[in-house]
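Inspection log for the structure reproduced underneath, given as structure tokens.
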Amino acid sequence: MNVFSSQSRLRSVATTLAVALTLTLAAAAGCDSRKEPDLPTVQEKMRESHIYGQSKLRIGVATNEPLMGDLRNGQHVGFDVEIGRYIAASLGYEGEQQLEFVSAATEDRIPYLQGGTVDLVVSSFSMTEERKKLVSFAGPYFVTTQEVLVPVRLKDKIRTLEDLRDPAYKVCTTGGSTTEGELEKRQVKALVVKDVWDCVAGIRAGRYDAVSSDETILAGFLATYPKEFEIVDLPFGTSELLGIGVPIGDPALRDLVAYFLQKSYQQGRDGQASPWLTAYNRTLGPWLRAEKSQPQPLEVPKLVDFDDKAPRR
Amino acid sequence: MSTAPTATGDASADGPVPPPRASVPTDHVEVDAAGWPTGVPRAEPAVPVADVEQVPVRWDPAERRARASQSFWTAVVGVPAIFSVLRLGVEAGGELQTTLLLVANVGPVNLLAGFLTTAARLLSTGLVAVFALGAVLAVSVDRLPPGTLRRPLFARWADLTPAWVVVASFLLALLTWPLLYLPLLLPAFAAAFQLRPDRLHEWVLPRLSAIAALLAGYGWLMLPTLRDAVEQGSERLVLVLIVVPPLLALFIAGPLPGMVIRPLASLTEVAVLAMLVWAALPVISTPVLPLTVTTVGAENGPTEDVRGHVVTTDDVNMVILQERGGVRYVPVDLVRAQVLCPTEEELPRHRLRIHDFHIEDSLLEGMGRRVRPVHRIDAACRIPH
């Protein structure tokens, strides 16, 4: 009898505890449901970035790199331009009135970002340690290699780096580009001009014999003059990571751009038509020798957005 | 008035003074049990005498139930109606003319449906809390200290409510609560129906194995989520909310000790009331109309984005209640585009899923997302207006 009553007492204590704990948990759940999200949200980053409230977004692009950034009949076209459009649209800037493309030559890219002439630069901008001291990068959105474009008449003569070092051939490249440093490192003497376009025009005029630059840029010129040029695959052994340049003082904008690149990357991985793939197929795709896919962006912040609840599968 | 006989036919023949009723020869006149001759009509009073005399001392159960049902339906119709009107006032920014504009344009059905979509969660929470607490208190009342007159309020409510209403409340909660809070329904259900583990089987061994199987099933369902929560580190509450409630469900049924019943009853009554008021505030301030961004501007001219709720559109104007207050009449010809936007309250607070269902979605919302899986927020919603 005694055992029975002590058992029943134990039970009622257990019940009391269970009731009390359930009530506490329910209260905690109630408080939790009214709490502000502590994860950083896209909206929050928008408010932190310098473009918040700005009526127009200015993106620096190239205007003389066919397939990447080109000006055709007054319209900006190319892979970089499409990527810029995607990022701008994701940030809430769509259409002529809200988005302005600013022509930025290769050496203007960093000063423009530093001086606030543009908010973003999408212009075959290689992410290098040197540049990271001056501007921030979101990306990469493309991985390219350094190649050499030669006129068809020289395609059998220039096949190796050794051939490039031959003083008989005048190699041309752009100032302030990663290629310039790379050629220097390999003791290839190059003539430095402002744009790749100058090199191509120079080759066509007979002033130069080869031009070295990113495969993407060279593919653009190959697309423009398919019968006059050929790309020579030289073992430079370095790959260029193209990123979107952001002012170094605006980490929130960098995070947002990286987040939207990641979103496109994720869509591509899920087998959907990603904005990246659409841009690629419309521009570079047909002209590159090997099929490429979007590289995974680096240092992507985990941001909360409205569509986070959507099913993943 | 009396039921005693006054004049009878044959009796007068016996003499001038009518003899007492008992002496009336029964072989002449047949009388019923009350001594009333059969075949003689009775004068019935217009109002039943018994009722007049017993003026309402106590309701009989049927009448009590009828009155309860009347108040129930009054509440069911009245509370949403009052809430909806209050919401319109809040939505209009407290401006009388704007409130009148909304009243003129928002149909009662829309208003009620809008209210129910936002308040179903609150309603089911209130009902589940009352029924679970009521059942716990009800089984404990015989342990109340002697001399206690009234049973706790929730216990009386729980006793009055038919089981199907309780089940329906739990079903509503199951469908509308965020998945994260659903484990709490387990102890609440066990409490409301006083389900003890010994109801599973009379022997200990099968009982334990049944409990183990149930917990294992639950574990299989929750394990990936728990792993993610552990990895994310800051999700301690989620861990507790998932792990603890099923264990509590095992012990929650049964009577409470006498000394805690009174304080628990009073405390929970106040807490449930406070919870309802606290949770009702956001329900009142939830917008009635959907949030949109409307791009306005003449052809080829500059455009402007108006962020707000579209009240109505006619042939001439689109009436927009701006998010920052004030009503805009936009000529229909100038409307270039319009997109639907989410509000910041809809942002998720966790990044955890239970088998691809987001833990902050209810089952209904989760199923809805499977019907329309892709939801893209339009970028126009992001920039400030």
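Positions of Cβ are set from backbone N, Cα and C atoms, glycine also.
Unlike curated entries, TrEMBL annotations are predicted automatically.
Taken from TrEMBL as is:
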type	residues	note
REGION	B:1-27	region 'Disordered'
TRANSMEM	B:72-90	transmembrane segment
TRANSMEM	B:122-141	transmembrane segment
TRANSMEM	B:161-192	transmembrane segment
TRANSMEM	B:204-225	transmembrane segment
TRANSMEM	B:237-257	transmembrane segment
TRANSMEM	B:264-284	transmembrane segment
**Prompt:** Going along the chain, which residues at least six beyond the ends of the transmembrane segment (B:237-257) come within the CB cut-off of under 8 Å?
**Reply:** 136-137, 139-140, 142-143, 180-181, 183-184, 186-187, 189-191, 194-197, 211, 214-215, 218, 222, 225-226, 229-230, 264, 350, 352, 359
**Prompt:** Given pairs 6 or more apart, does the transmembrane segment (B:72-90) have at least three Cβ pairs under 8 Å with the transmembrane segment (B:264-284)?
**Reply:** yes
**Item:** Cβ contacts under 8 Å made by the transmembrane segment (B:161-192) with residues that lie 6+ beyond its boundaries
**Value:** 120-121, 123-125, 127-129, 131-136, 238, 241-242, 244-246, 248-250, 252-253, 350, 352, 354, 357-364, 366
